[in-house]
Amino acid sequence: MPRGGDAAVEASEHLLGPPPPRGGDGSSLGMVMVSTGVAVLGSFAFGVAIGYSAPAEAGISRDLQLTLSEYSVFGSIITVGAMIGAVVSGQIADVAGRKGAMRASALVSVVGWLAIYFAQSASSLDFGRFCTGLGVGVFSYVVPVFIAEIAPKALRGGLTALNPLMIGTGLSVTYIVGTVVSWRMLAMAGLAPCIILIAGLFFIPESPRWLAKVGRQKEFEIALQRLRGRDADVSLEAAEIKDFIETIDKLPKAGIQDLFSRSYIGPVIIGAGLMVFQQFAGINGILFYASETFVSAGFDSGNLGTILMACIQVKLIARRSISIKFLSNFLTSCNLHYNSYHSQHLELY
């Protein structure tokens, strides 16, 4: 009978998979980290887009002579674009691939930022803001999916936690930079993460799971090998991915109407209700118009309040990401101990 420590190691390998062998240059994690770094530029662009309207409000309203209602439309229309982008994001990611979806989202965002930069009227501003919303909607889905699909099991939770961290970082950076540059220059700054993302996508592999799903076998093996390192044995992971995809393909296809069946209606109401009530809290109203909100509250300038809000935002997002990582590690440890205990008792019988 194996000792407790050996059983724990075996249980760990069963849950997380054997650790990938490292090449002499440590390349087994290098490409995963680079690919994640490129992908989370989409998360950063997400934060920049939702944070843009707060520091830009005074300058845009003054230069283009916008009324309060016209600027309110400009600030909020991003949510309409994001809603549409989120609805179609799954289909885009399945047809064009994860990289293709991120590239399309970045290109649409570039169009939006250029429209805002050259805007001379409210309609041009609204068009640009709507386009950035479309990009945000697609990014919100495809970035975490891509990271989860390329990351090894042991790193998946920690790497996907970078998504909300970078959204908060992009938001806070925009708040701070917006206090020292004009609204047109801030729009140009919004182009930077999108352009870097488009360029970076040429140097990272596509999601192996998507390649396997669409039957591109050779590219699937090459992408998985690049992500795990040239000296890594990826045969076991490749077989697991193929088995998983085959299993999913054999399952009956679900439709929208299935969500309203007796088995699922309860969880659907709870899940959707939580998201609805989260939005009803009004956080977007604070984020989109933070600068003028502080002025209305009695600040001489919205800049100080916006900077303070940016600093608090980063702290809260970082703390949330640490909490998620801690909870992930805690649950993994509980699973390992349970499997170790269970395996020992099975051997006794």
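In case you wondered, yes, glycine gets a Cβ from its N, Cα and C as well.
Nobody curates TrEMBL annotations by hand; they come from automatic prediction.
Because the structure is a prediction, the values reported are computed rather than measured.
Some features that TrEMBL has for this protein:
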REGION    1-22  region 'Disordered'
TRANSMEM  29-52  transmembrane segment
DOMAIN    35-349  domain 'Major facilitator superfamily (MFS) profile'
TRANSMEM  72-92  transmembrane segment
TRANSMEM  104-121  transmembrane segment
TRANSMEM  127-147  transmembrane segment
TRANSMEM  159-177  transmembrane segment
TRANSMEM  183-204  transmembrane segment
TRANSMEM  264-289  transmembrane segment
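Two recorded stretches are said to be in contact when at least 3 C-beta pairs lie under 8 angstroms, sequence spacing 6 or more; the transmembrane segment (183-204) and the transmembrane segment (72-92) fall short of this definition.
Remote same-chain partners of the transmembrane segment (104-121), defined as residues 6 or more beyond its termini with a Cβ less than 8 Å from a stretch Cβ, comprise 42, 45, 49, 52, 64, 85, 92, 96, 127-136, 138-139, 142, 184, 187-188, 190-191, 194-195, 197-198.
Across 29-52, 72-92, 264-289, the stretch most heavily in contact with the transmembrane segment (159-177), judged by Cβ pairs under 8 Å, is 29-52. Long-range contacts of the transmembrane segment (72-92) within its own chain (CB-CB distance under 8 A, at least 6 residues past either end) are made by residues 49-50, 53, 57, 60, 66, 100-101, 104-105, 122, 125-126, 129-138, 140-142, 284, 288-289.
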